[in-house]
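S.K.: Just passing along the structure, written as structure tokens.
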Amino acid sequence: MSKRPSYAPPPTPAPATQMPSTPGFVGYNPYSHLAYNNYRLGGNPGTNSRVTASSGITIPKPPKPPDKPLMPYMRYSRKVWDQVKASNPDLKLWEIGKIIGGMWRDLTDEEKQEYLNEYEAEKIEYNESMKAYHNSPAYLAYINAKSRAEAALEEESRQRQSRMEKGEPYMSIQPAEDPDDYDDGFSMKHTATARFQRNHRLISEILSESVVPDVRSVVTTARMQVLKRQVQSLMVHQRKLEAELLQIEERHQEKKRKFLESTDSFNNELKRLCGLKVEVDMEKIAAEIAQAEEQARKRQEEREKEAAEQAERSQSSMAPEEEQVANKAEEKKDEESIPMETEETHLEDTAESQQNGEEGTSTPEDKESGQEGVDSMEVEGTSDSNTGSESNSATVEEPPTDPVPEDEKKE
């Protein structure tokens, strides 16, 4: 009898009384009801986790896996549970848990970070332990034994189904388990065989030329359709961006062309204006300015001289008029003092004037002398006007003096 490994479950004790002649009984207990005895009535073979029906096939239990790391809140709860329980001995468990939950919510992020760090560290260790657990000989042996048991159960179910079709009895008696044969599935020989097969399988996978694809790199059909749609949308967007870039490039080239054209036109205009520039001779300009000033001075002197001459002529023309006014005043005085004498003198004057008039009309020489005086006055007026227009003076010309009648000249 081989030694049982530590991970193997303890064997089921054999029943005290066997009743092979009674169909349907597996392990008879005289103190139990017949309906609660271990019957095998053709149900699902998986309903019995430990011992199956009449074949005695057992499904082994897996070895104990590593303990999962505690969550940060559970770590904090374990740490402060005794303290809260001691301070509140009369409270119930759920009330204490409520208090601890409020304390956890009141903690700052820095205080919670300590428990989070511990949890993350233990989680990394747990993942490593799970990898070692899945690769351990005990777990591999459990997998092999479980697969064999499931295969045997399937075979038994097929046989039972065939018996039912052939009309064989529905119930069968489960045979008693032999403690000596219980360890055959977990013997050292089976463990060594499983380890040997595992090692050779790993070596063949490592040394094989085929590359094992990563599960994350496997692309499903739905994912492929989504990726195709994304590629199409990206291509459309790329074409749109390329069209926008072409438009921007065209606008830039147009602006650049206009800028260059304006620059060329400006340079040409500047060259033309530089070619048309006149050299300035300051001496010549100074001489022209002096000449213009001299001419302006001469014109000013001429205008002043002409103005003085016009004033003299106006004064000379005004003197006979003043004499006439004075004579008229004296005549009025004489008429007032001697009215009779004035009448006589008036008659004589009228007679003389008539005689003079007859003489003036009869003698052509007097007419010619009068016409010459008028012509001379007109010539003087035209000469004055010509001199005034040539000098461009702003002075107003004096009107030509009226010709003096011959009677007044004689007086």
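For all residues, glycine too, the Cβ spot is worked out from N, Cα and C.
This is the feature table in Swiss-Prot:
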REGION    1-23  region 'Disordered'
CROSSLNK  Lys3  SUMO2 cross-link
REGION    42-70  region 'Disordered'
CROSSLNK  Lys92  SUMO2 cross-link
CROSSLNK  Lys92  SUMO1 cross-link
CROSSLNK  Lys131  SUMO2 cross-link
CROSSLNK  Lys146  SUMO2 cross-link
REGION    153-175  region 'Disordered'
COMPBIAS  153-168  compositional bias 'Basic and acidic residues'
CROSSLNK  Lys166  SUMO2 cross-link
COILED    222-319  coiled coil
CROSSLNK  Lys277  SUMO2 cross-link
REGION    294-411  region 'Disordered'
COMPBIAS  294-312  compositional bias 'Basic and acidic residues'
S.K.: Between Lys166 (SUMO2 cross-link) and Lys277 (SUMO2 cross-link), what C-alpha distance do you get in Å?
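M.R.: With distance taken Cα to Cα, Lys277 (SUMO2 cross-link) is 130 Å from Lys166 (SUMO2 cross-link).
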S.K.: Just to verify a number: CA distance, Lys92 (SUMO2 cross-link) to Lys131 (SUMO2 cross-link), in angstrom, no decimals.
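M.R.: A Cα-Cα distance of 41 Å.
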S.K.: Could you round the CA separation between Lys131 (SUMO2 cross-link) and Lys146 (SUMO2 cross-link) to a whole angstrom and send it over?
M.R.: 20
S.K.: State the mean pLDDT for the coiled coil (222-319).
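M.R.: Mean pLDDT across the coiled coil (222-319) comes out at 91.
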S.K.: If you run the three-state DSSP split on Lys146 (SUMO2 cross-link), which class comes out?
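M.R.: Reduced to three states, the DSSP call for Lys146 (SUMO2 cross-link) is helix.
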S.K.: Between Lys277 (SUMO2 cross-link) and Lys146 (SUMO2 cross-link), how many Å separate their Cα atoms?
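M.R.: The Cα atom of Lys277 (SUMO2 cross-link) is 112 Å away from the Cα atom of Lys146 (SUMO2 cross-link).
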S.K.: DSSP-wise, what's the residue breakdown of the compositional bias 'Basic and acidic residues' (153-168) into helix, strand and coil?
M.R.: 14 helix, 0 strand, 2 coil
S.K.: Looking at Cβ-Cβ distances, which residues of the chain lie under 8 angstroms from Lys146 (SUMO2 cross-link) while being 6 or more apart from it?
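M.R.: Once residues fewer than 6 apart are set aside, Lys146 (SUMO2 cross-link) is near Ile59, Pro60.
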S.K.: Using DSSP, break the compositional bias 'Basic and acidic residues' (294-312) down into helix, strand and coil residues and give each count.
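M.R.: Once the DSSP states are binned, the compositional bias 'Basic and acidic residues' (294-312) shows 19 helix, 0 strand, 0 coil.
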S.K.: Indicate whether Lys131 (SUMO2 cross-link) is helix, strand or coil by DSSP.
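M.R.: Looking at the DSSP assignment, Lys131 (SUMO2 cross-link) belongs to a helix.
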